[in-house]
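Chemist: Mind having a look at this structure? Questions to follow.
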Amino acid sequence: MTDLSATTGVTDRPSGTAQEPGRGNGNPDPIRRFLDQHNPETPCLVMDLAQVRDRYRQLRTALPDARICYAVKANPTPEIVGELIAEGASFDVASPGEIELCLAKGAAPESISYGNTIKKRRDIARAFEQGVRLFATDSDADLTNIAEVAPGSQVFCRVLVDNTGSKTPFGRKFGCTPQQAANLLVRAAELGLDAYGVSFHIGSQQLDPAAYRHGIDAAAQVFADCAARGVRPRMVNLGGGLPAGYTETAPPLADYVTAVEQALERAFGPDRPELLVEPGRFLVGDAGVLRSEVVLVTDSCDGQRRWVYLDIGRYNGLAETEGEAITYRLRTARDGDPEGPVVLAGPTCDGDDVLYQRTRYDLPRTLRGGDWVDLLSAGAYTASYSSVGFNGFTPLPTYCVDGDQRP
Ligand SMILES: *Cc1c(COP(=O)(O)O)cnc(C)c1O
């Protein structure tokens, strides 16, 4: 095992100099090559920056007039933030820590959207001092704070929309009704703020492109309500929801874009609003591979399914396996050997640290302790969700490679 420094993310820029645009030029699987060459201690996450760039450019092309704000929480690896700054991205942040991260990597304060509706007054003040001028809100209390400590800023109001079709919905924590949103925006204008627009989130890993219509229709309703009272919001923030590729197949980006365009046309006609979009999972999910090691394989008490215990689990990176919501595709050292059904579990002494028992997974019968197992498309909501060390397991380290650089 090579001496590697991670977590802040060692960038394994292979020594070659040629930088090739696009994807797949000469280096089909740079993550696999990194893993084979360096054999890093597991578990670890390896991100391919070239794939993140490629996704960003796809979205840029698909929604040319939308401002793209990367939802930093999906994967806050500094190298990823840096790459996206270089691509011209903006950022959706939720805390002073994420603002610091973006600014430290060179993001302009004007490129930062404080998208969390739940924030402390002093954190708003701090962001304002740092130059942030765009804030989400969904309550009177938060709006009052913004008006007082971030005077004159742009605000958008989050509405609660139907999350059906989402693998990981937001529940009811965020957002208000369109009517409340209109009231808040009118009040924002009275308080001297710029009543900029409306946001929503249709739920992460949203497999139904038509879901965007709920949010866009709600936004149009808020716009109309505000206009009747002399206030003219002009921006619709489409939020996140675009998918990554897990065991289920997700519709292609084009289907989402078509759904968004149709909904916009229907709801706004020629008065098309400014657009903002906040992709998290879509930009980084497919760009990461999580390498783990089999700790043990045991026969179950009832003799049915083997239990495969990995050194990655619910607390050191796989939080999204809760409820078996996200089902990662797997690759093992023994693919091709005869397979049988397994229960997959993590390494801690916590009874909930079981990854998949209802979802059917089959793994090679020859799999045994010490073998590696890769979880594919694991670049989003893994390292950023790992605990600070529950049960003595360290947070998930992240390495970055760049598939556009020659080996
Ligand atoms: C998490 C989050 C996102 C990103 O959602 P994805 O489904 O990962 O694209 C976007 N906007 C807000 C406000 C969020 O909290």
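Cβ atoms here come from the backbone N, Cα and C positions, even for glycine.
Automatic, uncurated: that is what TrEMBL annotation is.
Heads up, here are the entries from TrEMBL:
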REGION    1-37  region 'Disordered'
COMPBIAS  1-18  compositional bias 'Polar residues'
DOMAIN    49-284  domain 'Orn/DAP/Arg decarboxylase 2 N-terminal'
MOD_RES   Lys73  N6-(pyridoxal phosphate)lysine
ACT_SITE  Cys349  active site, proton donor
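Give me the lay of the land around each of these features.
Modeler: Neighbour count (other Cβ atoms within 10 Å of the Cβ, all protein chains): 19 for Lys73 (N6-(pyridoxal phosphate)lysine).
For Cys349 (active site, proton donor), the number of other Cβ atoms no farther than 10 Å from its own Cβ, over all displayed protein chains, is 8.
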Chemist: Round to a whole number and give the Cα-to-Cα distance in Å for the pair Cys349 (active site, proton donor) and Lys73 (N6-(pyridoxal phosphate)lysine).
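Modeler: Taking the Cα atoms only, Cys349 (active site, proton donor) lies 27 Å from Lys73 (N6-(pyridoxal phosphate)lysine).
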Chemist: Going by DSSP, is Cys349 (active site, proton donor) part of a helix, a strand, or coil?
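Modeler: DSSP assigns Cys349 (active site, proton donor) to coil.
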